[in-house]
Amino acid sequence: MNPQAKLIFTISLLLGTAITISSNHWIMAWAGLEINTLAILPLISKSHHPRAIEAATKYFLVQATASTLLLFSSMTNAWYTGQWDITQLTHPISCLILTSAIAMKLGLVPFHFWFPEVLQGAPLTTGLLLATVMKFPPITLFFLTSHSLNPTLLTCMAILSAALGGWMGLNQTQIRKILAFSSIAHLGWMTIIISFDPKLTLLSFYIYSLMTAATFLALNSIKALKLTTLMTTWTKTPSLNAMLFLTLLSLAGLPPLTGFLPKWLIIQELTKQSMAPAATVISLLSLLGLFFYLRLAYCTTITLPPHTTNHMKQWHTNKPTHITIAILTTLSTMLLPISPLIYPLS
């Protein structure tokens, strides 16, 4: 892709995100989401592969539907209450439609079907944007309207997301699809707490984005897209593979790594809100995700493929790992000891 075109699309992404997260008016928030959608489409389809074109088409149709629902929700609220302010969403039908629209934007169950397919059709760098940056504006709208939304509905969607995200990722061999289902499961954890402690949702999203960015950039560096290729990358960059192993365990939420922090705080807050059964269920469902993270981690650190198919081993490279990957993988594994400092900042 032309560097100038890539620069324009990147600036448009930043502009759309900035407009949505800083707006008070529904029309401005909608305009920012539309700019975001239009900017990411060329980045998804830049390879001109049929799967990439299909992914871009699916993404466009889903996001256009979600934006239409969001606009319809805000217009219904304005019709009944006369308010266009994002924080003044009070009409129950508007709240229900908005929940559906944002769930569709994020890829929450039951509107999750598009996300694994789109992520599978996109390059790893674009997949990183789809899994992190593109979810920030809808999460912000969730945050601003959290006091108006139905907690029971959000809890049900969150538990279903955690269940399906873990369950459907078990049988996958494509790394991007595994990370897509991982994203759906993490969104379940963020959604279950948003009615009770919205700031904790944002903290969870920031830590999730940090760990996902580290994973995607490490995979992009070693050019691994399938579990079979991941098994043979140990010869290429042993130190990066070791850090990728720890980052994947952090994504699974194992202590004493960074990914344990949001889960720990969410379970604590749910227990305070007399929702111990929901906390127990979502904790047990996270074990499904733990299985496929361990599978990925095992394939990352294994020294020989466990089957007889011949693989061409990759040469060990002396090219230094990019400083960004080094910083992100370090943060993804070592933030838990300073958690008393992080939580007040959020």
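Going from the start of the chain as shown, residues are counted 1 onward.
Every residue, even glycine, has its Cβ placed from backbone N, Cα and C.
Marked as domain 'NADH:quinone oxidoreductase/Mrp antiporter transmembrane' by TrEMBL: 23-288. Marked as domain 'NADH dehydrogenase subunit 2 C-terminal' by TrEMBL: 290-343. Here TrEMBL flags 59-79, 91-115, 152-171, 178-196, 202-219, 240-261, 281-304, 325-343 as transmembrane segment.
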**Cβ contacts under 8 Å made by the transmembrane segment (281-304) with residues that lie 6+ beyond its boundaries** = 158-159, 162-163, 165-167, 169-170, 172, 175, 178, 181-182, 185, 188-189, 192, 227, 230-231, 233-234, 241-242, 244-245, 248-249, 251-254, 263, 267, 270
**Prompt:** What residues in the same chain, six or more past the boundaries of the transmembrane segment (91-115), come closer than 8 Å to it by Cβ-Cβ distance?
**Reply:** 33, 58-59, 62-63, 65-67, 69-70, 72-74, 76-77, 80-81, 130, 135, 137-139, 141-142, 145, 148-150, 153-154, 157-158, 160-161, 163-165, 180, 183-184, 187-188, 191
**Request:** Would you kindly list the residues that approach the transmembrane segment (325-343) from elsewhere in its chain, counting only those six or more residues past its ends and only Cβ-Cβ distances under 8 Å?
**Result:** 203, 207, 210-211, 213-215, 217-218, 221, 240, 243-244, 246-247, 250-251, 255-261, 265
